[in-house]
Amino acid sequence: MASTTLSATPTPSQLSAAKNGAYSPSRALLGKTARGLYPEKEMVSRKVTCQATSIPADRVPDMGKRQTMNLLLLGALSLPTAGMLIPYGAFFVPPSSGGGGGGIVAKDAVGNDIVAAAWLKTHGPGDRTLAQGLRGDPTYLVVENDRSLATYGINAVCTHLGCVVPWNKAENKFLCPCHGSQYNNQGKVVRGPAPLSLALSHCDISEEGKVVFVPWVETDFRTGENPWWS
């Protein structure tokens, strides 16, 4: 009968193992039966082991690649915040040709010289709009309530970590979207973490009627102290 063939004659090596207690025909039979009952599990196990041991070394990301991936992920998560600053994007990278010693003609967002009379026709009382100022820094031109141009410009670079601070007309404040710093309508800090008020520059009008920014080196009229930026 077929069942009588299950008891196979042990090999010499198996007989030797049996003397040491490491082999018995019943154990061999059970091992063969188990492998016969679960062939699929054995194949899956072999397949997984094969995949795990066959990954080329150049496909395993090193630390540099992982750091790059983390930075890309951080950038993707930062996109909603960056969207809040799109109207101010033209002022994030100052032009390299900006001078710092003397006065400089103010320029609008597309790089055109700002003419005071034309500016005041399109910007009403209380307006605060960005222009390119000293060293190319984004600087607010301030329109007074009598529709004249204020004699000072307000540097828009936050004194905390350098974000461009938007003007919030409804709040009558400059509100930094990065970390919550606040400045009053003249740029004086009223809430941290920013440690200092926004820098000032003189805002003059040239003989040609153009707006000119000049470094402010006198006492800060908002604090009564020497200007920290000079």
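The backbone N, Cα and C atoms fix where each Cβ goes, glycine too.
Keep in mind the model is a prediction, meaning the values are calculated, not measured.
What Swiss-Prot records for this protein:
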- Cys158, His160, Cys176, His179: [2Fe-2S] cluster binding site (BINDING)
- 1-16: compositional bias 'Low complexity' (COMPBIAS)
- Cys163-Cys178: disulfide bond (DISULFID)
- 116-212: domain 'Rieske' (DOMAIN)
- 1-20: region 'Disordered' (REGION)
- 1-56: transit peptide (TRANSIT)
- 73-93: transmembrane segment (TRANSMEM)
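Within 10 Å of the C-beta atom of His179 ([2Fe-2S] cluster binding site) sit 12 other C-beta atoms, taking all shown protein chains into account. The [2Fe-2S] cluster site, placed at the center of the C-beta atoms of Cys158, His160, Cys176, His179, has further neighbours from the same chain whose C-beta lies within 8 angstroms: Thr159, Leu161, Cys163, Val165, Cys178, Gly180, Ser181, Pro193, Ala194.
When the recorded positions Cys158, Cys163, Cys176, Cys178 are compared by the number of other C-beta atoms lying within 10 angstroms of their own C-beta, Cys178 comes out lowest. Residue environment of His160 ([2Fe-2S] cluster binding site) contains 18 other Cβ atoms, counted within 10 Å of its Cβ in all protein chains. Over the domain 'Rieske' (116-212), the average per-residue pLDDT in this prediction is 96.
Between the CA atoms of Cys176 ([2Fe-2S] cluster binding site) and Cys163 (disulfide bond) there is a gap of 7 Å, rounded to the nearest whole number. For the pair formed by Cys178 (disulfide bond) and His160 ([2Fe-2S] cluster binding site), distance between Cα atoms is given as 9 Å, rounded to the nearest Å.
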